[in-house]
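Per TrEMBL, the features are:
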type	residues	note
BINDING	Arg100, Glu145, Phe192, Glu193, Gln194, Met195, Glu196, Glu301, Pro302, Ala303, Ala304, Gly305	substrate binding site
BINDING	177-179, 187-192, 261-262, 305-308	ATP binding site
DOMAIN	8-335	domain 'Aminoacyl-transfer RNA synthetases class-II family profile'
Amino acid sequence: MANAELMEKIVSLCKRRGFIYPSAEIYGGFRSTYDYGPLGVAMLRNVKNQWWHAMVERRRDVVGLDASILSTPKIWEASGHLANFTDPLVDCRKCKERWRADHIDGVCPNCGSSDLTPSREFNMMFKTHAGPVESDGSVAYLRPETAQGMFINFANVLTTSRKRPPFGIAQVGKSFRNEITPGNFVFRTREFEQMEMEFFVPPNEAQTWFEYWYQERFAWYQENGIPSEMLRLRHHEKEELSHYSAGTVDIEFDFPWGWGELEGIANRTDFDLKSHQSASGEKLEYFDQVTNSRYTPYVIEPAAGATRAMMAFLIASYREDEVEGEVRVVLGLHPKIAPIQVAILPLMRKAPLMEKAGSIFSALSDRFLCDYDDTQSIGKRYRRQDEVGTPVCLTVDFDSLEDDTVTLRDRDSTSQIRAKVSDLPSEIDKLFSAFER
Ligand code: ATP
């Protein structure tokens, strides 16, 4: 399938099935903003939950945080964002479009004119005013990354959680960047969600932990269903490194238009803690009682985009095959990422079947993400569920009323088995275990 065609199909599926809608459509839209519909919000939550589970709940050395989005310019001054968080901007003098200079080739992609202004640095932070008075003193910024929340709370977390380096603080939440050229669907938007973790380590362990984290993070995408051939690691060249970084590796995904960043893992050294310490006057160090010495930890940061990752999961799982002579669209999502795990389908809209299916829904929905659907023919309902990535369909038929068994249909093989209602949790787990690596 041609790449442009694949993107078109995914964007259309997302809208048609309630994953992602262009925002404010009834008002003609608002450039590059999106709303996540019933299935999209469920899938995005799964992506974030899987990340949180792997990065926080499953580990004794990482704790969570939820910091404020709106905060004082002092943070962004100390972090270097006010001075450095810029992209080179050029204007086309002919059609007035604006472009990121490093994304174009000296020619306006809109009108083809080469009459462009010289490039100038454009700060990507959204500026606003906190409170009723719009003065210099009320300026505030929406965070362009979640990371600074972890640095400014380093001392709070250290004293309240009784952790000591090596340990991490993780956060999932919205970030905002006034991107000059957002695009490629939800790959680059001005409002997006990040999943970031700052891992504080003794400086002499920084390189070891850096290597550990990029391997862990590379494995995470595969564990959640992205085939390894669609992923690669890219080490940044020295001249490409950010002002704070002693080493960066990107995890890249094979997007339909080429390789693109999913996540960056950086050795941020002691840059952030030292900057905030000197700007705030508060000590942001660790006193090691064993060696009786004080030091500023180095930080290893795996920084991922939740919305961008969701898009990669959609692209990686999209396929078309043939079932009973018909083209079938399938999202082959991992059950941990799929917005619906089990679709419960009474064969027909007959009261006893609907009642039994309803009671199975109540019993299973505490353990699995379930959907109940009694519209249309069973064949059409299977196709609908295949198209949104539901790994298991459960059908309640007339035999179910007699012998308390139901049909379980596997999305990928379309094969069916008969299972006892009392065995459903373990039978479904067995079907899901095929996805574990
Ligand atoms: P890019 O080079 O694509 O602009 P970046 O290197 O500036 O990204 P980071 O600052 O490292 O990105 O942010 C970490 C992650 O946050 C990225 O890997 C990406 O997944 C996500 N991200 C960054 N900017 C956006 C955006 N505008 N829209 C959606 N996701 C984003």
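Placement of Cβ uses the backbone N, Cα and C atoms for every residue, glycine included.
Nobody curates TrEMBL annotations by hand; they come from automatic prediction.
Here the structure is a predicted model, which means the values were calculated and not measured.
Taking the C-alpha positions, the distance from Glu179 (ATP binding site) to Arg100 (substrate binding site) comes to 9 Å.
Cβ neighbour count for Arg190 (ATP binding site): 17 (other Cβ atoms within 10 Å of its Cβ, all protein chains included).
Candidate binding-site residues: Arg100, Arg188, Gln194, Arg308. Those with a Cβ under 6 Å from ligand 1, in sequence order, are Arg188, Gln194, Arg308. Spread of the substrate binding residues is 26 Å (greatest Cα-Cα distance among Arg100, Glu145, Phe192, Glu193, Gln194, Met195, Glu196, Glu301, Pro302, Ala303, Ala304, Gly305). Checked against Ala306 (ATP binding site) by C-alpha proximity, the binding-site residues Arg100, Phe192, Gln194, Glu196 yield Gln194 as the nearest. In this structure, Arg100 is the one among the binding-site residues Arg100, Arg177, Arg308 with the smallest number of other Cβ atoms inside 10 Å of its Cβ.
Under DSSP, Arg190 (ATP binding site) is assigned to coil, being neither helix nor strand in the three-state scheme. Taking the binding-site residues Glu179, Glu196 in turn, the residue surrounded by the fewest other Cβ atoms inside 10 Å of its Cβ turns out to be Glu179.
Secondary structure at Glu179 (ATP binding site), taken from DSSP and collapsed to helix, strand or coil, is coil. It is 8 Å from the Cα atom of Arg308 (ATP binding site) to that of Phe192 (substrate binding site). Considering only the binding-site residues Arg177, Arg190, Leu262, Ala304 (substrate binding site) has Leu262 as its nearest partner by CA-CA distance. Neighbour list (Gln194 (substrate binding site), Cβ cut-off 8 Å, at least 6 residues apart, same chain): Glu145, Thr146, Gln171, Val172, Gly173, Lys174, Ser175, Ala303, Ala304, Gly305, Ala306.
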